[in-house]
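Below you'll find the structure, written out as structure tokens, and then a few comments.
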């Protein structure tokens, strides 16, 4: 093979590593797999725990109840009984309604039937008390991922400032792969809990490093908004595929099958990262980033983080509680428990891609304000559903509105750092991910307890009202001042520009020449 032909793959690889589009593809795939694993367990865990713990315990206890010898006058648990008086054999069913035959006379034993509630409708699971307790256990299991991610995120933000984004991104892939394999072969609640917590560590590395990498590669605010919208589309697609994929595979193939498929896809993602990102290369930031605690004292960053937290808290509360509520009230089969989230996932995919572009034109503050209001209204409508079809409208509106908020807030986080702090993005996207994780930590962990105390409808009322009440705070993001100048540079008429706020004069949308100021003054 000629030397020139041998160099072609290396040239392609070098060109790929310099391409912003391929970096976007890597982040897209990482977020896709992370969120597929996030949601694929939603329909599996409640039914898996019910099958293994409640039904398994009852099936083992039921035969044991027939072992003790019955007291006098009760029907013995034998299949037949021989009478020595008239040599007749009487078949006994073993139930309390069985009849004895003594000297040819039928004697009915005393009724010992305990007072029990009527059996549930056909297709509905038994054990309402078990399901009520399971709300809390499933909520804690789902929240463990976000709680761990909450703790790890600040450390990952500092790590990316020191060694760059490539190595943390690859570490996230390795941990995610291990978590997926552990999910596939876990058969107890404890192992599932550990696998979910391990996923939180991997997700922290992938999301913080991925979003920070995008913000550093796409420095123009408009391009950054579009790139964030596409990356969040990967997140949305993962949410879209995860729950229906998990419920169908679990119903018709088995528990391990969806996780093994995800593990194979994760290996492909790792190979892609090895080719594009050079995870052995240390690339520290050239400038020191703003400390996390300084960013946390910025009120505008806190408002944006709060919008991310509360809008996602609604769907986080639905994940553990909605499938169990459907099992109790709608007698839904397994495959419907995941399909109920399909409208939210599809509309989230549409919302993130649509408002990645529109939010910059209409004003990101307005986009997030409307989105949070719609989130609250949609959550209030969820308990009104009587069957799975009644969930299409509320869940669809919920996903679309969360897409509006996420696609507006993620670019704003990077823009606020450009405007008011040092343009190093690891720490601010660690804060954004912390806000996201707080929603997914507080939501499931408190949602199960609230459902058990006051019921599922009141849970939806509480989180819906919180979102509607928080929405007006997004107005504060309409005109955030530059820290150096304390002047407003963000408005609907003037699109946001980055790294161009060093003078007291109004910003312009075009490159300036040496004589442009003179020309502008003459024009005025």
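Backbone N, Cα and C atoms are what each Cβ position is placed from, and that goes for glycine too.
TrEMBL tags one of the stretches 147-164, 201-218, 489-506 as transmembrane segment, and that stretch is 201-218. Outside the transmembrane segment (397-417), and at least 6 residues removed from its termini, the chain residues within Cβ reach (under 8 Å) are 211, 215, 221, 224-225, 228-229, 232, 235-236, 290, 295, 298, 300-301, 304-305, 307-308, 311-312, 314-315, 318, 343-356, 359-360, 364-365, 367-368, 370-375, 377-379, 381-382, 423-425, 428-429, 431-432, 477, 480, 490, 496, 498. At the 8 Å Cβ cutoff, the transmembrane segment (338-358) and the transmembrane segment (171-195) share fewer than 3 close pairs (sequence separation 6 or more) and do not count as touching. When averaged over the domain 'Major facilitator superfamily (MFS) profile' (72-482), pLDDT in the model lands at 79.
When each of 21-45, 171-195, 230-253, 259-279, 424-443 is scored by its Cβ pairs under 8 Å to the transmembrane segment (300-318), the top-ranked stretch turns out to be 424-443.
With respect to Cβ pairs under 8 Å, the transmembrane segment (171-195) is most closely packed against 201-218, considering the stretches 201-218, 365-385, 424-443. If you look at the transmembrane segment (424-443) against the transmembrane segment (230-253), you find fewer than three C-beta pairs under 8 angstroms, all six or more positions apart, and that falls short of contact. Sequence-distant contacts of the transmembrane segment (21-45) (same chain, six or more residues past either end, CB-CB distance under 8 Å): 138, 141-142, 145, 169, 172-173, 176, 179-180, 183, 192, 196, 199, 202-203, 206-207, 210-211, 213-214, 217, 227, 230-239, 241-243, 245-247, 250, 255, 258-259, 262, 265-266, 269, 272-273, 276-277, 319-320, 323, 334-335, 337-338, 341, 345.
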